Amino acid sequence: MPGKLKVKIVAGRHLPVMDRASDLTDAFVEVKFGNTTFKTDVYLKSLNPQWNSEWFKFEVDDEDLQDEPLQITVLDHDTYSANDAIGKVYIDIDPLLYSEAATVISGWFPIYDTIHGIRGEINVVVKVDLFNDLNRFRQSSCGVKFFCTTSIPKCYRAVIIHGFVEELVVNEDPEYQWIDRIRTPRASNEARQRLISLMSGELQRKIGLKVLEMRGNAVVGYLQCFDLEGESGLVVRAIGTACTLDKLSSPAAFLPACNSPSKEMKEIPFNEDPNPNTHSSGPSTPLKNQTYSFSPSKSYSRQSSSSDTDLSLTPKTGMGSGSAGKEGGPFKALLRQQTQSALEQREFPFFTLTAFPPGFLVHVGGVVSARSVKLLDRIHNPDEPETRDAWWAEIRQEIKSHAKALGCHAVVGYSESTSICEEVCILSASGTAAVLNPRFLQDGTVEGCLEQRLEENLPTRCGFCHIPYDELNMPFPAHLTYCYNCRKQKVPDVLFTTIDLPTDATVIGKGCLIQARLCRLKKKAQAEANATAISNLLPFMEYEVHTQLMNKLKLKGMNALFGLRIQITVGENMLMGLASATGVYLAALPTPGGIQIAGKTPNDGSYEQHISHMQKKINDTIAKNKELYEINPPEISEEIIGSPIPEPRQRSRLLRSQSESSDEVTELDLSHGKKDAFVLEIDDTDAMEDVHSLLTDVPPPSGFYSCNTEIMPGINNWTSEIQMFTSVRVIRLSSLNLTNQALNKNFNDLCENLLKSLYFKLRSMIPCCLCHVNFTVSLPEDELIQVTVTAVAITFDKNQALQTTKTPVEKSLQRASTDNEELLQFPLELCSDSLPSHPFPPAKAMTVEKASPVGDGNFRNRSAPPCANSTVGVVKMTPLSFIPGAKITKYLGIINMFFIRETTSLREEGGVSGFLHAFIAEVFAMVRAHVAALGGNAVVSYIMKQCVFMENPNKNQAQCLINVSGDAVVFVRESDLEVVSSQQPTTNCQSSCTEGEVTT
């Protein structure tokens, strides 16, 4: 399918002064695609040139259209010397290759230089004419849509979810080539940016080909990562979920339905909710969009390390308890048989989605993870990346076997990551083992009778909590009780999962962000000795991280974790672990037991007194947390709950039929179940430190909530005021007498102070919630710790939420809190005195932008195809897959950009803070410009996947690499939809257009 690419250079503005004599510039432009280059005329002596060039035409194959970026270089003409480069613009042509997407790219693009940053803007118009080619041997995948969002896009319907797609490409890193010794830093950076752009395009094309082979037309949950392996080379890899999507053409699908989510669900068969509940986790106003996304399920297990499958806390094969009482064994057997046959033909039945349609997940079995330590070697042949492929195949095979051991045949919420230091690389993968409904995996399933069939066979609202394994064949003891909701099937006492909370899950109270942080020193070593030391440390780190999560979850009085993300980072002399998740109280699970401290030194009065004092503090903290998060579950008589799991010696006396019975209740053993306390033994100073660390987490100030999932459980009435922010903080440690305890304290202080500074800066938005909080920790150099956090602050109407969420069960849970105006409850200590040396303050910037009413008015006609003359106000940016108070009407394509910034005058640019802030602000500006040129007005599912910072203070130098991605979309405010809608306007929708962005 060859095509014709047409480019027109219109004008430039705000160019830098390149001729010191005249304080002006003689600018011209080179337009390059592939091996063909065109040049404009030189526009003499102007900082705002008007080229108005002719149309430059490139006749190329569609394979090149997908692989190659359009390069636009702005230069200053010199008569007697080499032309000076002003900057470059890379434009991805891929969004123009979709039949439903934009037909033209037109707008002002920032001219970017890797040394000086943004240096003016250039107005470019790009068009593509494609010729249809049905050649079955073609190497392009034009028309396959890519989405970063990990749920089904809002204005689409999933026909089939095909499954996992992955690919990786390798090459030599230009930064480590011999020619790099003789070329300028600018030339080296630009060679690197161009190569990464080429590899990214090639990767998308290859994944698109795999999707076409599976007869799909889209990739959802697309995650692309760069592995900078130094001298070993450069690896670009990606994973995603292949789907067949249908565009929802019905205008009714986009109408607002503020307080009636069920109205929208009935318009879309995939989202039929057969069992509405007044206190579901999905908010009403923003999540009118969310009804298009898949409702996830939950699971519980410890992460199983690559060497120890038995760490998984969700047991093995067998049918075990079903998902609903009316579903008997025959249906479950048939369901499992169908699903297994549907998934057997797939090598890896993985899904990168974190949200699913109701009924897609039948059961979940637990968090499964695998890690592997590898030694990097040089990539000899870039065309044959078998080594890296084999590494990841091993990891995926292990994940698959872990899931099978848990009685599950699929893994959802799947993700992969790496951590590289010198020659050592840690490969990590994690997901949630699950049993899936085969109807969504086969063709012809989404027809008219789907709603009726779903109502017949769907599990109840608590079905995802029920165990998918046979309780009589568990490889380890676990506490199971009868479900507190249906009281017919067994549930574990705790659930861990890597996916989002289902919109139909019944939760009590609100959720909160729970983090486990851990540092471990290691000796400096080389090659195999280093890899061995890391391998020996990993299992213990995972165990300690898991223990921290369990303790903090119980301290909060909650019983489930969602969105669990564990990151292990390797440095030259230390390993760091950071786990983030959102804790909630699920109504279907038993009330968590308390935490009991047991000492090992009897007959010591002062010690016993200290232990009792600590025990009292823990009990008080649990009580305060239950009040803070409004956790007050209704009392259920223990006779209803059922019996605990028998000991192994008793199991042989029980018949299998008894495990299927939901009516027989044996005598209750009060030593099990919800009466059981979690015992912490204090036998050394490390154990005491662990207990102290439990009590050092300061709760957020009044009016603030935080979570790492898209939506805060228990909060329903969001307003349309949002602020996205990115914060980077770097500290340098002193190597003198550094111990594990001191390292842990410094790391804890760093993360806590980062959160405190965010609460302080966002205090004017109270009451608000920090959603999608994403922490990333890296060790760029010896004794240097860098923490990057991105999140979005969303305000909510607290009074309205109190009125709308009250139910007969929950009236006792609601408190009429009147402390909204109260600010901080903690002393603000942004620079901890305990740090051995000065921490760098965060790269600060307050770029608060307000969308004018005029700009918002332009959104009214956004349902029409974007044209060259269309104007876009402020381009919104959010890590969420939706925009509160708005409807997404069109997806314009994926934004995937990689930038390098280098400076040789670090101190003059404001130090690390000024340098990082300026670079991040420039990245935002370039992302916004590309989205606006496509005719979009927002970026959703935005993520900063990499932020690699390196500095050399002695030479006053620094370098930073940033990789960002997201989905460019067109959205319409619900207030605008009400004007054009023929239906009755809905109420209780706030449509304030104030939105900003805080970059710290």
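Cβ coordinates come from backbone N, Cα and C, glycine included.
Fair warning: this is a prediction, and the values are worked out from it, not measured in the lab.
According to Swiss-Prot, the features are:
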type     : residues                   : note
BINDING  : ASP19, ASP76, ASP78, ASP84 : Ca(2+) 2 binding site
BINDING  : ASP19, ASP26, ASP76, ASP78 : Ca(2+) 1 binding site
BINDING  : ASP78, SER81, ASP84        : Ca(2+) 3 binding site
REGION   : 265-330                    : region 'Disordered'
COMPBIAS : 274-289                    : compositional bias 'Polar residues'
COMPBIAS : 290-318                    : compositional bias 'Low complexity'
MOD_RES  : THR317                     : phosphothreonine
COMPBIAS : 319-328                    : compositional bias 'Gly residues'
MOD_RES  : THR601                     : phosphothreonine
REGION   : 639-669                    : region 'Disordered'
MOD_RES  : THR666                     : phosphothreonine
MOD_RES  : THR807                     : phosphothreonine
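Known features from Swiss-Prot, placed on the structure.
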| residue | record | DSSP class |
| --- | --- | --- |
| ASP19 | Ca(2+) 2 binding site | strand |
| ASP26 | Ca(2+) 1 binding site | coil |
| ASP76 | Ca(2+) 2 binding site | strand |
| SER81 | Ca(2+) 3 binding site | coil |
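Sitting within 8 Å of the Cβ centre of ASP19, ASP76, ASP78, ASP84, and not among those site residues for Ca(2+) 2, are the Cβ atoms of MET18, THR25, ASP26, LEU75, HIS77, SER81, ASN83. Sitting within 8 Å of the Cβ centre of ASP78, SER81, ASP84, and not among those site residues for Ca(2+) 3, are the Cβ atoms of ASP76, HIS77, TYR80, ALA82, ASN83. Note: ASP78 (Ca(2+) 2 binding site) has non-local neighbours ASP26, ASP84, i.e. same-chain residues 6+ apart with C-beta under 8 A of its own C-beta. For ASP19 (Ca(2+) 2 binding site), applying a Cβ distance below 8 Å and a minimum sequence separation of six or more within one chain yields THR25, ASP26, LYS45, ASP76. In the structure as shown, the Cβ atom of ASP76 (Ca(2+) 2 binding site) sits within 10 Å of 19 other Cβ atoms.
Among the listed binding-site residues, namely ASP26, ASP84, the Cβ with the most fellow Cβ atoms inside 10 Å is that of ASP26. When Cβ atoms from all protein chains are considered, those within 10 Å of SER81 (Ca(2+) 3 binding site) total 6, not counting its own.
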